Every structure is written in C-alpha cells, then in structure tokens.
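**Student:** TrEMBL lists these features:
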type	residues	note
DOMAIN	A:13-387	domain 'tRNA-guanine(15) transglycosylase-like'
ACT_SITE	A:Asp92	active site, proton acceptor
BINDING	A:Asp92, A:Ser93, A:Gly94, A:Gly95, A:Phe96, A:Asp161, A:Gln209, A:Gly236	substrate binding site
ACT_SITE	A:Asp287	active site, nucleophile
BINDING	A:Cys328, A:Cys330, A:Cys333, A:His359	Zn(2+) binding site
Protein chains: 2
Amino acid sequence: MNFFQVKNQDKTTRARTGVIQTDHGLIQTPCFMPVGTQAVVKTLDQRDLTELKAPIILGNTYHLHLRPGEKLIKRLGGLHKFMNWSGPILTDSGGFQVFSLGLQKTKKPNPNQKPSKPLVKIDDNGVDFRSHIDGSLRRFTPESAIKIQHDLGADIIMAFDECTPDNADQKYAAQAMERTHRWAVQSLAAHKKLQTRQKNNQYLFGIIQGANNSELRKKSAQYICSLDFDGIAIGGESIGYNMTATEKILDWVYPYLPAEKPHYAMGLGLNPLDLFAVVERGIDMFDCVAPSRLARHGMLFVQGADKHRININNSGFTRDVRPIDKNCACSTCQNYSRAYLHHLFKAQEMTAMRLATIHNLHFYIDLMDQIRQAIGNGSFSRLMKKWR
Amino acid sequence: MNFFQVKNQDKTTRARTGVIQTDHGLIQTPCFMPVGTQAVVKTLDQRDLTELKAPIILGNTYHLHLRPGEKLIKRLGGLHKFMNWSGPILTDSGGFQVFSLGLQKTKKPNPNQKPSKPLVKIDDNGVDFRSHIDGSLRRFTPESAIKIQHDLGADIIMAFDECTPDNADQKYAAQAMERTHRWAVQSLAAHKKLQTRQKNNQYLFGIIQGANNSELRKKSAQYICSLDFDGIAIGGESIGYNMTATEKILDWVYPYLPAEKPHYAMGLGLNPLDLFAVVERGIDMFDCVAPSRLARHGMLFVQGADKHRININNSGFTRDVRPIDKNCACSTCQNYSRAYLHHLFKAQEMTAMRLATIHNLHFYIDLMDQIRQAIGNGSFSRLMKKWR
C-alpha cells in the first residue's frame, strides 16, 4: 500500500477522499488535525483525543525543541511514547513559530527603550532567534529542523521554510521564496541521510510559499511539486486567517499539485465554513489552533448560529438547559447544559475550557466525517449548500 | 433502613465502618469527600468523579449563593441536575467562607488607605458580609442559610455556625459558641419547617465549635449532640490545618458523640497520615480542598515519599519514566510518566492540573477503601503502622 491513496473524486468540485498510511495507523482524508503544541492538546489528555477519534495530532517543533527538548524526548522513546499517544503525529518545521514570534514581539516596540537586538535574523543558511522562554540565542537550519523532527519521531514531518508575512513586498517575498526552495532541497537531503537510521517511517512534506503573489505562488508550487516530497503543503501568513486570500492562493497552486500526493493547507479552520472552502479546492489535510483557542474563550460551534458559533459567556445562556448543539454527540453535549457551561465560564473554572474544547474539536472531527461521507456518495455539493 | 448504620467497630481504636443512605445512593464510611466549591471539583468534570468512584462531593453554599445563585439552581432542577452529578452531595452552611474570607481580607490592611468598612459584621441574628465577587452587601442568617441549602437540594446540609479563629480569646470563643448554639436551634427549626415541602430527603448536621478550649469544646459537644440533628460535625479553624490541635479537640468531644450518628470533621485531609489520625478517633466523614489544591501546584501523593508526597516540578523528574506512584491504579498513573507530567507543569499546561488532581483524589479515595477494609477485617492498626 502507498503512503497515500485517493479513494473518491467528487464530480463537481476538486474535493476528494483518500487514506494516508502511517506506522501509527490510517488517516482518512480530508481531515482536520488538532494542534498539540507542547505535546498536549491544550486542556485535554490523550484519552480525550482517543474518545474524540482524532485522526492525527500536531506537535510544534519550535516549542518542543525549547522545552523539554528533542534529545530528552528521543531518549524517552520519542514523542508518541513521551505523551502516550499511539495515533499518527505530524510536526511542523519550526519555521512559522520562529518568524511569527519574531514578528509579534517587534511589532509594538516600547518607545522609551532603546531598540533591543532583533529577535529573528535570517540568512541564507538559517535563522537566528531568541527563545521566548528564556531569551537564549538559538539557530534553526534546514538540517537542524529535520534532525529535531527525526529525534521527535513524528509520522509526518515538514521541510524548513520561511513564512513570509502577508504584507511583504514582491522583492522580499521572492527572496524568501527562493530561500524556501533552497531549504526544501536541503531539508530533503538531510531527511534522506537520516532516514536510513530511523526505526519508524517518517514522511516529509514540502511547503509552497510566495505570499499573496500569483506568479510567485505558481512558481513555488511548480518547484516544490517537482521535488521528491511525500506530500505538498501550502504555507504563508494568509492561509486560514484571510480566507479570500487563501482561496485565491489555493486556486493558483492547484494545477501544479500532484494528485497522487496529499495536499496540506497549514493553519486553517477558523470557521466551520472554511472547511468546505478548502476541501472543495482539493485540500486533504489542515490544522488550526482556532477551535481549541475559541473554546477556551467560550466561543462554541453551533450549526446554524451566526457564524456557526455562540459565545457561552452571554447572559442569555444563564438559564438555557439545552446542550450546546442539539445535534452534537460529544460528551459535553451529552452531559452538560449551556446554563452549567455558562456558570463554569463565569466562575473561571478550568473545567469549562476542557468541556468546551471537547465540543469544538468533536464538532470539526464530526463535520469532516460528514464531508468524507458526502464526497463518497456524491452529495458533497448538497452538504455544502446546507451549511452556507 | 436508617440514614446511618455502623457496620464494624475496630477493637483497639475508635475507628468504625458504616453506611449512610441518601436518595442519591449509599456512602460507605469512613469516607473522604472531594470539594466542588462552585458546583465543580476544580479541573475535573463529573465523568472523572464517577470514574474516581467519589462517594459524595461537597458544594459551598457561600459560593453557589453568590454565583449562579440558589434560585437559578432550584429553577433548573437543583444542584444534582444542574451539574449532572447523580451521586450524593453535601453543602456547607456558608459560615466558614463568610468568616474566613472576612479574616483574610482584613489581616493585611494597606497602611496607606483609610480602613475600609469591615467585610464581616456579626450580630446575634446573623452575619453581614460583602461578596468577594462584586463587593455587594449580603446577609446570612440561620434561616437564610438553611433556605439556600434547601433550594440547592443537597442530600446532607449543615447548620449555620460561627467559625471562630484559632487565636480567639476565651471570652470571644465562648460568645461565638453560644451564638452557634442558638443558631443550631434556629437552623433545626428552619429545616423542619421547610422539610415537608421537599421532594428529596435532606439530612441536617449540627456543628460543634469552641475553638481550642477543652471546656468550651466539651460544652459545645454536649449541647449540639443533645439536639435532633442527623449527624454531628466538628468545626473550627484548627480542624485539619493544625493536627495537634485537631487530635486534642477530637479527643475532647468524642465521649459526647452519639455512636448512632455519623461524625464529620470539617476541612480535614492535608496529608495522607491525617486520614488515619481522625479515623482512629471515630470520625466517619471529612473533606478537604488540599489534595486537589496541592495537585494543581504539582504536589503529588506517593506512598513512602517524604510526607508521602513529591513535588513533580523538581528537575529530578525530568527523565523519570515511572508513574507517579507505582502502586496507583488511577488513570494518570496508568497512562503518563513523571517526566511527561513534569513537562506539562513546566509548560504550564492546564492538562497537568487535571491529571494531578485525578491522581491525588484517587489516592485518597483508594486509601479510604483500604482503611474501610482494614477496619472490617481487624487489620486497621497494622495498616496504620505500615504508613507511619
């Protein structure tokens, strides 16, 4: 069996179903991947993830490198064993965090302080950055990002890339793209070299960049898809957080994406409708912190509500004995009322965040189930209409 | 069947086993009762409590009155239904919180501010206090404390009492005790009046006070035990937090405690050894926030460790692949290593607090199981020796 196989191709859209095979189990696609940044999906434990039938979870290389460190995790048997999760794991390359943390911290400098040393310094061979935990100086290169991911031992790993911001000018975006392309080749080489020593199969994905520029995106898609990656990801600051731009970018790159490899949109899934927008554009995998982050703030998905979500903190829910969503089969909806959840949020009880996270993740995982079924039986467009 | 029945009396100590019957199930005694202050045991949900086989949980009248309010809870079907907990519940009278919150806030006044109005004002008919949530002025009386507890609908409720601090002088302690005695009679009368209207049986316990004074404690025990309460509690600031004083107090009052009623030490269980100290003194029930609060700070119970606990934050646990306690059957010990928990605490992940709470509560609930078995088969003294 191949790493990836397409099962069904939708007749009227680019949507398709498929299956990814890893040493830690099969992943039915298209799929939403919950994010477990620090070797844990915030507020949950791995029994919750098993109950939620999470098909695969993400870990963040940047965070795990800084704490507890990939050497420790390797010594303790790898990330699966460390966190006691026997299902598939994907780790990112650290690129996004390195840049986004650098951008965040330099956006609003304190005018009374003399400018501190830049947090992120990019050269053609890698990136210097400071740890957000202790300020220590660190460096990522394509080789080190791959080595860290081999030590962590995830089933799917990512090439090291430069994530260019939305507002990058064309010249900078082009430079960053070229660097990402060179790093893609270096990531592949590093992976091949280390691969022979690994017990478990690890599959490496390349990342298309090119900001919001159609020519750059096409060029990047063409180049990345020409390389020997196991899957193709589409990266960039816009993806997921600016859906108009995301849809354009996905349309630009689609003609270059090899049908026989999985397609991954990185950092996407802010709103249930976004899931349809990318699935109909031929995307097989995506991840997002949004459903769990929204949950921790009391924003809960409800089919048919405004933006398909409610804010459980609103006083209107004080006496509402209904479950969050009457059609939801998650353990939170089976056991607790909106009134109780409203109370737990008002009382700032941590339990509220966990129960809300269970609901929002279940909502996405269940919706992806419905989407896969609909693609399989030819009713995907009908399902999409029902939601829009 | 009676509300309470003694099953086994230990031969060499005052320890005994028994069973309490409530509309929401049987409680095997002696038992430890987890505290669910705001209608939730912090970090857990009711499925966790069911898995932990929590025999009964506590709710705090003071907190539930302020938020979400007993009227709302009553309207939504009572506390059991509101929080979806079908097991027994006990509510305190609010007395302890009213006084302890008042004492806390007035202990360290800001010298630069003019003294604010006192937070707690006691008169013979009740207590004025300010809400810690919004500063609003509130009043509890024996009648209102009982009415609130009837609205909440717990299986076991408490008479309204004045919890005198450890360092109260004898005159004040005597006055407070007399007030507590009058309030006990008033609580009983209020309960009897409301009782006929209740669907569920609610059992009212009286509270012995008298600070650290043997004469007052004996007098209080004699008086409270002469009234028509369903159970007898021993209150006061010392109980649980000063075990030397607690043991003395329990020895003073024991001769007056009716054998046919359950005996409840309020706020006790800081250390596993404390459980033995009170069980051997004839106590049937006790509660404490300590095991869950300690858990949230990473202090985890381990039989045989110094004070029978470890601080999982210590760097010595970074690479420790063992479970918290090798003999523990809790889901945390079955699934996660000390190294992983250490990481989750260092990374300040909320999941850490829940997994730790599950362990500490399981540890107590399991130890109480062992203690009951030992009393039943005559090996209680041997078990106690093993631990000391």
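Every residue gets a Cβ built from N, Cα and C, even glycine.
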**Student:** Could you state the whole-number distance in Å separating the C-alpha atoms of A:Phe96 (substrate binding site) and the residue listed as 'active site, nucleophile'?
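**Tutor:** Rounded to the nearest whole number, the Cα-Cα distance is 13 Å.
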**Student:** Specify the nearest of the recorded positions A:Asp287, A:Cys328, A:Cys333 to A:Gly94 (substrate binding site), where nearness means the distance between Cα atoms.
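**Tutor:** Among A:Asp287, A:Cys328, A:Cys333, A:Asp287.
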**Student:** Consider the recorded positions A:Asp92, A:Ser93, A:Asp161, A:Gly236, A:Asp287 and say which one has the Cα lying nearest the Cα of A:His359 (Zn(2+) binding site).
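**Tutor:** Minimum Cα distance from A:His359 (Zn(2+) binding site) across A:Asp92, A:Ser93, A:Asp161, A:Gly236, A:Asp287 lands on A:Asp287.
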**Student:** Fill in the CA-CA distance, A:Gly236 (substrate binding site) to A:Cys330 (Zn(2+) binding site), as an integer in Å.
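**Tutor:** Cα to Cα, A:Gly236 (substrate binding site) and A:Cys330 (Zn(2+) binding site) are separated by 33 Å.
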**Student:** Using a 10 Å cut-off, grab the number of neighbouring Cβ atoms around the Cβ of the residue listed as 'active site, proton acceptor', all chains included.
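**Tutor:** Other Cβ atoms within 10 Å of the residue listed as 'active site, proton acceptor': 31.
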**Student:** Which of A:Gly95, A:Gly236 (the binding-site residues) has the most other Cβ atoms within 10 Å?
**Tutor:** A:Gly236
**Student:** By a simple count of other Cβ atoms within 10 Å, which of A:Asp161, A:Asp287, the recorded positions in the record, is least packed?
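**Tutor:** Result for the recorded positions A:Asp161, A:Asp287: minimum number of other Cβ atoms within 10 Å at A:Asp287.
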**Student:** Excluding near sequence neighbours, so keeping only residues 6 or more apart in the same chain, what lies with its CB under 8 A of A:Cys330 (Zn(2+) binding site)?
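**Tutor:** Spatial neighbours, sequence-distant, of A:Cys330 (Zn(2+) binding site): A:Leu52, A:Ile358, A:His359, A:His362, A:Phe363, A:Asp366.
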**Student:** With Cβ-Cβ distance below 8 Å and at least 6 positions apart along the chain, what are the contacts of A:Gln209 (substrate binding site)? List them in sequence order.
**Tutor:** A:Asp161, A:Glu162, A:Cys163, A:Thr164, A:Ala173, A:Ala176, A:Met177, A:Thr180, A:Leu216, A:Ser220, A:Gly235, A:Gly236
**Student:** Through the lens of DSSP with three states only, how would you label A:His359 (Zn(2+) binding site)?
**Tutor:** helix
